[in-house]
Structure formats: C-alpha cells, structure tokens
C-alpha cells in the first residue's frame with residue numbers, strides 16, 4: 001500500500017492550483033443575489049483545477065482506467081451544475097439538480113460494485129430514508145419526487161464509497177478512504193442545501209455548503225489516482 005507521505009509528495013503539487021482557486025472564491029465571496037458569468041467562473045474555477053489535476057496524470061491513464069475517466073466526467077457535470085445553481089433563483093435549480101444527479105451516477109460507477117457490503121448499503125439506506133422523511137413535509141410539486149430520486153442517487157453513491165474502504169478486513173487504501181470521506185462530505189453539503197432551501201435558514205449555510213463541497217470534490221478526485229500511484233510506487237521499489 002502506498003504511504004500517505006508518498007502520496008503527498010507526488011500529488012500535492014498538482015493540487016496547488018485547486019487550493020489557490022478555492023481561496024479566491026472565499027476571498028472574493030461574490031454576492032449570490034447578483035448572478036453573473038464572472039461569479040459562475042469563480043465558483044467553478046476550483047472544479048476546473050481538478051479537471052487539470054486529473055488530466056496531468058496523462059490521457060493514456062484516463063483512457064485505460066475507466067474509474068478515473070468517470071470521475072473526470074463527474075467533475076465536468078459538476079461544473080455545469082455549479083453554473084446552473086448560480087442562477088437558481090431564475091429557475092435553474094432543477095437543471096443544477098439534474099447535473100449533480102448525473103455526477104453521482106458517474107461517481108457510483110467509478111467506485112464499482114465490489115465489494116458489495118450489504119450492511120453499509122442498509123446503513124446508507126436508513127440514513128437516506130431518514131433525511132427524505134424529514135424533508136418530505138416541506139416539499140411540494142415536482143420537488144416531492146425529484147428530491148427523492150436525488151437522495152436515492154447520492155445515498156447509493158455514498159454506499160459504494162463506504163463499501164470500498166473495508167477497514168475491518170485491512171483491505172483499505174488511502175484513496176478508498178479518500179473517496180469515502182469525500183462522499184460523506186458531499187452528502188453533508190447537499191443536505192445543507194436542502195435544509196436551507198426547503199426547510200429553514202441554516203446559519204452560515206453558504207460557507208458550510210461550499211467548504212464541504214470543495215473538500216468532497218478534491219477527495220473524490222484524489223481517489224481516481226490510486227492505480228497510477230501504486231504502479232509508480234512499484235516501479236520505484
């Protein structure tokens with residue numbers, strides 16, 4: 001198993017643009033009440049940097065490793081979803097929801113169905129059902145079923161990320177753990193969005209949403225480079 005120190009040395013420099021772009025977003029903190037293409041660019045810039053992070057590992061790597069290419073595709077749909085959500089008050093919230101639904105399908109596919117881990121699936125099912133049961137009374141119209149489908153998809157994605165860790169069997173790797181933590185943070189971010197939009201104002205909601213979202217996307221992007229890092233490590237050993 002590749003050590004975390006090796007990972008930091010090999011992958012850390014490639015993530016510097018992402019961290020800088022994330023700092024730019026939080027420093028500028030453009031008002032959400034004035035959507036513009038500039039604010040969309042600033043919001044999407046950290047995700048663009050994660051595209052570059054994965055592309056820096058080489059086109060051949062992405063082509064030969066379907067999980068990495070699916071995570072890159074998920075990041076592309078995420079950026080489109082981010083742009084739609086800039087104009088959510090103008091009627092584009094559902095468009096953003098659709099883009100992120102596709103993202104979760106792609107991430108689930110990248111994480112795979114092995115090991116199955118039905119216990120983790122049951123746990124995520126209970127968590128997802130509980131969240132929807134709480135939100136249900138606040139929903140109306142098409143959101144009643146759209147939110148249900150979305151929660152099912154992100155819950156499924158969370159299950160596949162958690163199932164891959166296998167801590168008890170000592171089969172985990174740092175990248176599988178990265179995917180797991182990233183998926184959990186993504187769920188926290190989306191739950192905060194739902195509570196703030198449909199239920200009640202959440203204090204510091206925007207900061208919570210974006211901080212957990214950017215961290216989640218970075219960790220999921222990191223999970224895509226496991227095979228490459230293990231190959232490089234074996235060559236150096």
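Cβ atoms here come from the backbone N, Cα and C positions, even for glycine.
As recorded in TrEMBL:
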- 37-56: transmembrane segment (TRANSMEM)
- 68-87: transmembrane segment (TRANSMEM)
- 93-113: transmembrane segment (TRANSMEM)
- 120-139: transmembrane segment (TRANSMEM)
- 145-162: transmembrane segment (TRANSMEM)
- 174-195: transmembrane segment (TRANSMEM)
- 207-225: transmembrane segment (TRANSMEM)
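Counting Cβ pairs under 8 Å that are 6 or more residues apart, the transmembrane segment (68-87) and the transmembrane segment (174-195) reach fewer than 3 and are not in contact.
Counting Cβ pairs under 8 Å to the transmembrane segment (207-225), the top-ranked stretch among 37-56, 93-113, 120-139, 145-162 is 37-56.
Taking residue pairs at least 6 apart in sequence, the transmembrane segment (93-113) and the transmembrane segment (120-139) share fewer than three C-beta contacts under 8 angstroms. Through the fold, the transmembrane segment (174-195) approaches residues 1-2, 4, 7, 100, 107, 111, 131, 135, 147, 150, 154-155, 157-158, 160-162, 164-166, 202, 205, 208-210, 212-213, 215-220, 222-226, 229 of its own chain, all at least 6 residues removed from its boundaries and within a Cβ separation under 8 Å. Here the transmembrane segment (145-162) has long-range neighbours at 94, 97, 100-101, 104-105, 107-108, 111-113, 117, 120-121, 123-125, 127-128, 131-132, 135, 139, 179-180, 182-184, 186-187, 190, 194, 198, meaning same-chain residues at least 6 beyond its ends whose C-beta is under 8 angstroms from one of its own.
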